[in-house]
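What follows is a short report on a single structure.
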């Protein structure tokens, strides 16, 4: 069994390379990244209001809502609902979300509600909504904040992130960034 | 919607464009020719010297498998104990507990066999130490093990008659230093610069704009995510895997990660062509794999972008497709593409929740894992495909009434028996596992286990059956994705899937390497006009037919009970 010596020594060496040197090297290079490899934060009034890439719960009427989340946007964990397409309980949950949305957004037709606003994301931390999901909330936001609808609309339009290179993937809006800008807009008005 | 489809198309084309040169490069590495990574030479010589390895010493198939299995056994024992005692080890800023023995058993096996079935969530179930010294480590070496086994097969095919399949230690080390490590460094840096955490800081607590207090899990994730994708491992840093916005921050990283899933498995098909100097054979194999792959991708993109009919009936607008369990920045088309890429290659990472895929897409994902040879896991995918080739050679031989041959060697009863057993093994493990679980759910739902069988399933009816079928299929394929609603962190699932994992990994490595060793020992028969040409389109079609027939016969009833029944109940 001359293999035993080889097996042990080679394992130790590979451990040092793959689990020691490799991640340390990436961590060191990551320090050169603008946020030091710790994740990009968004600063409001000198305080971190959150991570740009990690979604937040927005349920107040004065904010653009984010998508439903199974973990309530607590990024200590992450999860989707894992509900199947035909699950009756699940469909009832979606129906409840539709009803809630209609109550808080008077004057909006059911057929205008984008499905992603009433279905939970995969991570429970989705930082984005589709442009349509923001447009459908403009009326409510304008009323709650006593802002002209056009002004809110142009704010939303300014926050649409186009597909990669203009041609690859979906358009989206980062909800946290949009709401930070919305607060700033309201503050300027006063 | 068009930009979403275009994104998928570009991703796939880029993968092929990168896979061809990588395939050529790997062929050179294994042939010992000059390559741009020769600066690693002194470093590798040092590894060999310290370990007492003679990299030039040849091994026959039995010695090769003995070396492979012995080091794997040590890795298992090591990983098992480190996971149990992780709470007593350093690098645990979040104070996470040690794993229970049955969970540690499942986790250790799962990463050892390149599966990465995760019955825990990364944020709370591991420490930074085990994320690196168990998970990341095994993600490298299990992928390297797969590549080494495949090169043994290549070596058996390359020579006219030989008993030397190459030196396992040499192949293991070179797969790591020349292929996995350089690619992972490049990709890890790309991810780190796109917002994936790379530092060792623990959880952060923040007050949100709306005033809630939440925590954000972090950690040195970027490097681990790189090898997770490149080594077809799939086990994520975070619970939500690549659906997590820190694990897969934007559409660009999604393209990079999608490419990384497919890259090495696809490149190894080209390596076969370059290494054996049988480019036409490689193109035929690539063609068959790609044909089925694209059929599956088209089906899933169609159903996911179309949306869930049950949601349509509620009256809302599914303008960007079925979005339950998906992320807005990635979109339904990219998630549909990923669902096939990850199940084709035994990767198992997800960028959307498979449990919430529409019924047919979920079923195609299961079928894809049942086949488990479209590009396939790093190394082992081609080994699986080789089994299908042996069966196709055998059946073709019977049809034309000649002794079947493959690349100059007679394929006789012993080899065909091994191939048939490996094929039947998958069907046996998947279906008996599912049957056993279904038996407990329906006949003993109230058993006083830590999680009662009645509470295992997250969805009722057909979809609940699919959750069980998916779990065993994923285990057998060493895939690692799941219909994650399944309550699988308990002793029944940890142990039964653990057993399926071991058998589903090592028998399909032992079988093909043994066949290669047996064939290579036989007398070489030069090709003649009467030889069945295995690099022809006809034979490609024959292999395709074998793949379809074998899998349809094995799995159609199971798929009919789950995904198909669910689909028809939606109409």
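Residue positions begin at 1 at the first shown residue.
The backbone N, Cα and C atoms fix where each Cβ goes, and this holds for glycine too.
Listed features, source TrEMBL:
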type	residues	note
TRANSMEM	B:6-27	transmembrane segment
TRANSMEM	B:64-85	transmembrane segment
TRANSMEM	B:128-154	transmembrane segment
TRANSMEM	B:175-193	transmembrane segment
TRANSMEM	B:255-276	transmembrane segment
TRANSMEM	B:283-303	transmembrane segment
TRANSMEM	B:373-398	transmembrane segment
TRANSMEM	B:418-441	transmembrane segment
TRANSMEM	B:491-519	transmembrane segment
TRANSMEM	B:539-561	transmembrane segment
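Counting Cβ pairs under 8 Å that are 6 or more residues apart, the transmembrane segment (B:255-276) and the transmembrane segment (B:491-519) reach fewer than 3 and are not in contact. The transmembrane segment (B:539-561) and the transmembrane segment (B:128-154) are not in contact, since fewer than 3 Cβ pairs between them lie under 8 Å (pairs 6 or more apart in sequence). Packing against the transmembrane segment (B:373-398) from elsewhere in the chain are residues 114, 143, 145-151, 153, 230-232, 262, 264-266, 268-269, 272, 285, 289, 292-293, 296, 344-347, 404-406, 411, 415-416, 419-420, 422-423, 478, 505, 508-509, 511-513, 515-516, 532, 534, 539, 542-543, 545-547, 550: each is 6 or more residues past its ends and has a CB under 8 Å from a CB in it. When Cβ-Cβ distances below 8 Å are used as the criterion, the transmembrane segment (B:491-519) is approached by residues 60-62, 64-65, 68-69, 72, 102-103, 105-106, 109-110, 112-115, 117, 119, 145-146, 149, 152-153, 155-157, 163, 165, 380, 383-384, 386-387, 390, 406-407, 409, 411, 414-415, 418-419, 421-422, 425-426, 429-430, 433, 436-437, 440, 449-450, 453, 456, 471-472, 475-478 of the same chain, each at least six residues removed from its ends.
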